[in-house]
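A.B. asks: Got these off TrEMBL a minute ago, pasting:
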- S197, N229, L294, D297, S298: Na(+) binding site (BINDING)
- 1-13: compositional bias 'Polar residues' (COMPBIAS)
- 1-29: region 'Disordered' (REGION)
- 111-131: transmembrane segment (TRANSMEM)
- 143-170: transmembrane segment (TRANSMEM)
- 190-211: transmembrane segment (TRANSMEM)
- 223-247: transmembrane segment (TRANSMEM)
- 281-314: transmembrane segment (TRANSMEM)
- 326-344: transmembrane segment (TRANSMEM)
- 356-379: transmembrane segment (TRANSMEM)
- 399-421: transmembrane segment (TRANSMEM)
- 441-459: transmembrane segment (TRANSMEM)
Amino acid sequence: MDSRASGTASNGETKPVYPVMEKEEEEGTLERGHWNNKMEFVLSVAGEIIGLGNVWRFPYLCYKNGGEHCVEFQKTNGSLNGTSENATSPVIEFWERRVLKISDGIQHLGALRWELALCLLLAWVICYFCIWKGVKSTGKVVYFTATFPYLMLVVLLIRGVTLPGAAQGIQFYLYPNLTRLWDPQVWMDAGTQIFFSFAICLGCLTALGSYNKYHNNCYRDCLALCFLNSGTSFVAGFAIFSILGFMSQEQGVPISEVAESGPGLAFIAYPRAVVMLPFSPLWACCFFFMVVLLGLDSQFVCVESLVTALVDMYPRVFRKKNRREVLILGVSVISFLVGLVMLTEGGMYVFQLFDYYAASGMCLLFVAIFESLCVAWVYGARRFYDNIEDMIGYRPWPLIKYCWLFLTPAVCTATFLFSLIKYTPLTYNKKYTYPWWGDALGWLLALSSMVCIPAWSLYRLGTLKGPFRERIRQLMCPAEDLPQRNPAGPSAPATPRTSLLRLTELESHC
């Protein structure tokens, strides 16, 4: 234990600081590990938050929420006066009829696409061997996997903006239909994109940060990576919509109708730009290699976060020789088997069902509400603020504290309620409507994560002894095994009971 003495806060007041509880490695267990240098951590986080959500999901959400009702743009753009109901491109034909062999609905899953299954198997094999040694192996891989996609994105952007018709596509991107701002679904999509892109409430960033040194400047890292993430999404939008403008002019149809507004948008627009480049087969290979790397980066971190949580919860079981590797192998095999259902002829419908209900949307907002309440009101916003100051040496922007207390829970709750009130059943490509049991399956996927929080709360409430009000009070207090304030100064030991009582009195009102 490193018991720190009372320090001086940035406002001149003397404040007690937290003793850092450094857990000793249990006898017979392996060392937890840490990043070799700061660059490995930064690239790993960048590889997680800057991925398919930027170059794929962000543009298709912009297209979905801008193109579906942009009637005024179609009327005022004289270059799009010709329409063709049955116009389609070879890229769309190849994507839907050769790659996916998409069926007519989720009720017809059809045969397994063995070519895609082999690709998925290869992805999980690569993932396993890149992370099986923990952050020591992951930190080396991200030097390439997190930087190469930027090279390809710059190439696609330069080629896209030099195509004829690119100006119309960029205009479509930068001049939105402001009447859509009254649609709660737009705000729902915007909010969930933030959660999806920044990997919020998934535990991934927490797992990566846990391998840092205690005094790592997490505040600076957070701001820098957030700007990098948003900037990448914005630039990817230019690349996509410049290509859509070219496709619109080439086909003679409005931009809002030139391609599907679903997950396949990027696989239609980007390849269209690639074929316009010299040595197009080479660039096509580079593009799809970039897509693979974007997915692998996120795959690395998601698996690493799950494995880290299990190993930290049960160190005596998994922090033994070769046991961590076996755990990662088990996670990889199970994930591969689950993913096979999305590689059938109707798998794209299943994939969008997962995307709409399971890993984004209402379930992440629901988790965010409870997470912000626990940090700000149970653990204590001031205490959390002091933790950060103790780590980085100064206090962050004061407004952040009030965001934790009021703004974040309010915005998440409002967006969550709007999403329930204005809920519309899922459709695919604006044409196919899912059957009732498909939507029911989606809700079960969402509830599988959402129900865990209230279910565990009710379980704990039922197992505690004493009056109901007393049990509520106990559950609203931080856990006693957390590092606590030393109420008696550096000379007195910080016992869990005394420090918890002091914390209760000053901050959590327990």
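Along the chain as shown, the residues are counted starting at 1.
A Cβ is built for glycine as well, from the same backbone N, Cα and C atoms used for every other residue.
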A.B. asks: Given pairs 6 or more apart, does the transmembrane segment (356-379) have at least three Cβ pairs under 8 Å with the transmembrane segment (399-421)?
C.D. replies: yes
A.B. asks: Could you check whether the transmembrane segment (223-247) packs against the transmembrane segment (143-170) - three or more CB pairs closer than 8 Å, residues at least 6 apart in sequence?
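C.D. replies: They are in contact.
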A.B. asks: Of the listed stretches (190-211, 281-314, 326-344, 399-421, 441-459), which one yields the highest count of Cβ-Cβ distances below 8 Å with the transmembrane segment (111-131)?
C.D. replies: 326-344
A.B. asks: Would you please pick out, from the binding-site residues N229, S298, the one with the fewest other Cβ atoms within 10 Å of its Cβ?
C.D. replies: S298
A.B. asks: Would you count the other CB atoms within 10 A of the CB of S197 (Na(+) binding site), including those on all shown protein chains?
C.D. replies: 23
A.B. asks: Who are the long-range neighbours of the transmembrane segment (326-344) in its own chain, taking Cβ under 8 Å and residues 6 or more past its ends?
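C.D. replies: Sequence-distant neighbours of the transmembrane segment (326-344): 109-113, 116-117, 120-121, 124, 127-128, 131-132, 303, 306-307, 310-311, 318, 350-351, 354.
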A.B. asks: Residues sitting near the transmembrane segment (399-421): Cβ under 8 Å, six or more positions beyond its termini, same chain?
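C.D. replies: For the transmembrane segment (399-421), the far contacts come to 184-185, 187-188, 191, 361-362, 365-366, 368-369, 372-373, 375-377, 381-382, 384-385.
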A.B. asks: When you average the Cβ positions of S197, N229, L294, D297, S298 for the Na(+) site, which other residues in that chain have a Cβ within 8 Å of that mean position?
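C.D. replies: Apart from the listed residues, the neighbours are A46, G47, E48, I49, I50, G51, L52, G53, N54, A199.
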A.B. asks: Measure the Cβ-based neighbour count of D297 (Na(+) binding site), defined as the other Cβ atoms within 10 Å of its Cβ.
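C.D. replies: Excluding its own Cβ, D297 (Na(+) binding site) sees 27 Cβ atoms within 10 Å.
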A.B. asks: Three-state secondary structure of S197 (Na(+) binding site) from DSSP?
C.D. replies: helix
A.B. asks: Tally every other Cβ atom lying within 10 Å of the Cβ atom of L294 (Na(+) binding site).
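C.D. replies: I get 24 for this one.
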